[in-house]
């Protein structure tokens, strides 16, 4: 027989919170968010202030109405039940829908019945999905997801808080993972070196625009133009970042095509399934070098050599900034009210609720002209 959920008294919850744990309740259900507080888009202090309290009303907002995926996510941190009579009344007399949501087995998170089983303390480390999930988490996922067919799109957009293994081969698995600082260490020296090469070459005065068509009306490209060309490259990267994210990473593979589903999961689906897998938040240098080399070749064909190199190095710098920002938006704790604080909340909404919009990562700029901006939430004023 399956054991029932563990019961916790209000005194025990207060004692654990006093020791630094972050426990919250939703009606009688108790959750340990200690492993999640730094990742919360609203900031660690917001969750810390709610430690030991009932958050069922807060889940409905304001300031933010939590999505169905966010409520499923909460179930991963379930640890037991508050003893009868000790549960709190939600603040301001509101009941809210709170955590009252059915959690299907598609997402790999235990549903209401299975969530009632006792689990390891604290929340995050002891979680394991029920046997009813659509994939076997004990085996590499890359070769399994193609068989999900019509269920893939819904499954991949129901995030879980656990690492993903893609390959059977330890070597390929190693190449598919990257620490955030590796991107900075590999590409920053390249940006600095190519910037020096571009500037010194332009200083020789031999680079002219349109020289392949006409010598009389060709335009000289002086070394003083380099910062502006570099900036142009960064702007072009921001556009490319948006286009790749929207039209490549968020393509919807046909349910009948095993290989396209597998490719989508390899490129981006894995990140949406496990958005806080720290080893898969930046692009590995080996495949990145192939993509970067392709775009360098395109610029060489379209522009004079040094002009193309100057645009390219600006774009490469933009890519490095993008990857660093992407990692920070997932694992950083920006100060409330700052640009990065708003961008973090925006990106988390893309993961948990608005997967078909909000494609800008380092900037929301391109979401405006392409009409993919995530709408602001509004709340009716209470009497």
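Going from the start of the chain as shown, residues are counted 1 onward.
Cβ coordinates are placed from backbone N, Cα and C, and glycine is handled just like the others.
What TrEMBL records for 245, 250, 268, 272, 347, 350, 351 is Zn(2+) 1 binding site.
Positions annotated as Zn(2+) 2 binding site by TrEMBL: 271, 326, 330.
What TrEMBL records for 5-83 is domain 'Cytochrome b5 heme-binding'.
The transmembrane segment annotation in TrEMBL covers 179-199 (among others). Residues 223, 226, 229-230, 278-279, 281-283, 285, 288, 306, 309-310, 312-313, 316-317, 319-320, 323-324, 327 of the same chain, all 6+ positions outside the transmembrane segment (179-199), place their C-beta atoms under 8 angstroms from a C-beta of that stretch.
According to TrEMBL, the transmembrane segment annotation covers 224-244 (among others).
A Cβ distance under 8 Å defines the sequence-distant neighbours of the transmembrane segment (281-303), meaning residues of its chain 6+ beyond its ends; these are 175-180, 182-183, 186-187, 240, 271, 309, 311-312, 315-316, 319, 323-324, 326-327, 330-331. Look at TrEMBL and you will find 281-303 (among others) tagged as transmembrane segment.
Among the features that TrEMBL reports, transmembrane segment is placed at 309-329 (among others).
Rounded to a whole number, the distance between the Cα atoms of residue 330 (Zn(2+) 2 binding site) and residue 347 (Zn(2+) 1 binding site) is 8 Å. When the binding-site residues 245, 250, 350 are screened for a C-alpha within 10 angstroms of the C-alpha of residue 271 (Zn(2+) 2 binding site), no residue qualifies. Around residue 245 (Zn(2+) 1 binding site), the same-chain residues six or more apart in sequence whose CB sits under 8 Å from its CB are 268, 359, 360, 361, listed in sequence order. The most densely surrounded of the binding-site residues 268, 272, 347 is 347 (count of other Cβ atoms within 10 A of its Cβ). Other residues of the same chain near the Zn(2+) 2 site, with their Cβ within 8 Å of the Cβ centroid of 271, 326, 330, are 275, 280, 281, 282, 327, 329, 347. Only residues 6 or more beyond the boundaries of the transmembrane segment (309-329), in the same chain, are considered here, and those with a CB under 8 A from a CB of the stretch are 180, 183-184, 187-188, 190-191, 194-195, 197-198, 201-202, 226, 229-238, 240-241, 278, 281-283, 292, 295-296, 299, 303, 340, 343-344, 347-348, 361-362. A distance of 13 Å separates the Cα atom of residue 272 (Zn(2+) 1 binding site) from that of residue 326 (Zn(2+) 2 binding site).
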